[in-house]
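What Swiss-Prot says about this protein:
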{"type": "DOMAIN", "residues": "1-129", "note": "domain 'DAGKc'"}
{"type": "BINDING", "residues": "T39, G65, D66, G67, T68, L69, R70, D71, T92", "note": "ATP binding site"}
{"type": "BINDING", "residues": "L210, D213, L215", "note": "Mg(2+) binding site"}
{"type": "ACT_SITE", "residues": "E268", "note": "active site, proton acceptor"}
Amino acid sequence: MSERKALLILHGKQALNEAVRAAVENKRKQGWKLAVRLTWEAGDAQRLVEEALAAGYRQIIAGGGDGTLRDIAEALAKQPGKASLVLLPLGTANDFSRAAAISLEPAEALELLEAPAHDIDLGEVGGQIFLNMATGGFGSQVTANTSEDLKKVLGGAAYLFTGLSRFSELHAAYGELQGPDFHWRGELLALGIGNGRQAGGGHVLCPEALVDDGLLDISILPAPQELVGTLKNLLSDGFGIDNMFVRARLPWVEIKVAEGLYINLDGEPLEGESLRFAARAGALRVHLPKDSPLLSATHRISHPD
């Protein structure tokens with residue numbers, strides 16, 4: 001790249017982050033023209049991306065949590081090929097960045113400005129974009145707090161049911177999923193549809209997901225009614241919840257459920273009874289570590305035939 005120029009769109013809560021300030025100053029000392037803009041309210045990310053592109057920026061840095069990354073990725077995807085994205089993970093979960101092996105240290109993360117950009121996929125449903133993952137579940141009662149009983153039953157997977165709304169009761173509902181050469185129907189407890197691999201602060205739902213294969217990884221947690229009643233015993237006996245998932249890898253999948261399915265798109269809520277998820281292949285250029293586990297090339301190297 002001839003001009004070392006980038007714009008950092010930083011979540012407003014991170015304005016006083018000294019590590020970020022030091023990292024920015026360090027890049028400036030290296031000769032980068034690095035400008036910073038802060039988000040304050042909904043819609044700011046979209047506006048700031050548009051202003052950055054109009055000002056000639058071709059590298060944009062997203063500084064914040066998974067929601068901030070999603071907002072900026074969505075804004076960039078609306079203007080394909082205009083600029084590439086660097087991720088500066090500053091949230092509590094940082095699920096996409098962790099799975100991609102992006103450093104959580106601001107100075108190291110900004111070194112990706114020098115790394116090649118890769119064309120990666122995005123997930124799409126109902127006109128909304130997600131960079132990392134969509135998770136969904138059913139709740140018969142919604143409360144303000146995470147159910148402690150539910151946490152005890154499900155352990156690390158509890159977020160599946162509490163990530164969007166705090167469900168005080170765990171129950172299944174009938175669902176049907178259909179995609180190319182794939183059809184599943186039955187009682188469904190929860191599901192994950194991943195472009196990335198993990199959600200909810202490190203819980204791996206789609207362990208083999210790649211961001212440049214043009215596919216979404218589907219993980220279904222089925223639940224015949226008799227299984228719901230014995231789920232606690234199964235888990236306490238060492239029957240890992242990971243073994244219970246039905247998995248598929250598809251360019252798109254249609255989901256129909258008997259009652260409203262609560263979906264979490266990288267923190268954004270969505271609800272529906274008939275939804276179509278699709279991968280938008282190569283929709284975004286992102287700077288990733290050369291050995292990122294989410295890249296197909298890395299996968300081939302580490303898993304030779």
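Keep in mind that glycine also has a Cβ here, set from the backbone N, Cα and C atoms.
This view paints the features noted in Swiss-Prot onto the structure.
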residue : record                       : Cβ within 10 Å
T39     : ATP binding site             : 24
D66     : ATP binding site             : 26
T68     : ATP binding site             : 27
R70     : ATP binding site             : 24
T92     : ATP binding site             : 9
L210    : Mg(2+) binding site          : 24
D213    : Mg(2+) binding site          : 20
L215    : Mg(2+) binding site          : 21
E268    : active site, proton acceptor : 17
### Task
Can you tell me which binding-site residues out of R70, T92, L210, L215 are within 10 A of the residue listed as 'active site, proton acceptor' by Cα, answering none if there aren't any?
R70
### Query
Residues near the Mg(2+) site, L210, D213, L215 excluded, by Cβ within 8 Å of the Cβ center?
D121, A209, V211, D212, G214, D217, R249, A279, S296
### Query
Largest pairwise Cα distance, Å, within the listed ATP binders T39, G65, D66, G67, T68, L69, R70, D71, T92?
18
### Query
If you average the pLDDT over the domain 'DAGKc' (1-129), what number do you get?
95
### Query
Between D213 (Mg(2+) binding site) and T68 (ATP binding site), what C-alpha distance do you get in Å?
24
### Composition by DSSP (helix, strand, coil) of residues within the domain 'DAGKc' (1-129)
52 helix, 37 strand, 40 coil
### Query
What is the nearest of the binding-site residues T68, R70, T92 to L210 (Mg(2+) binding site), using the Cα of each?
R70
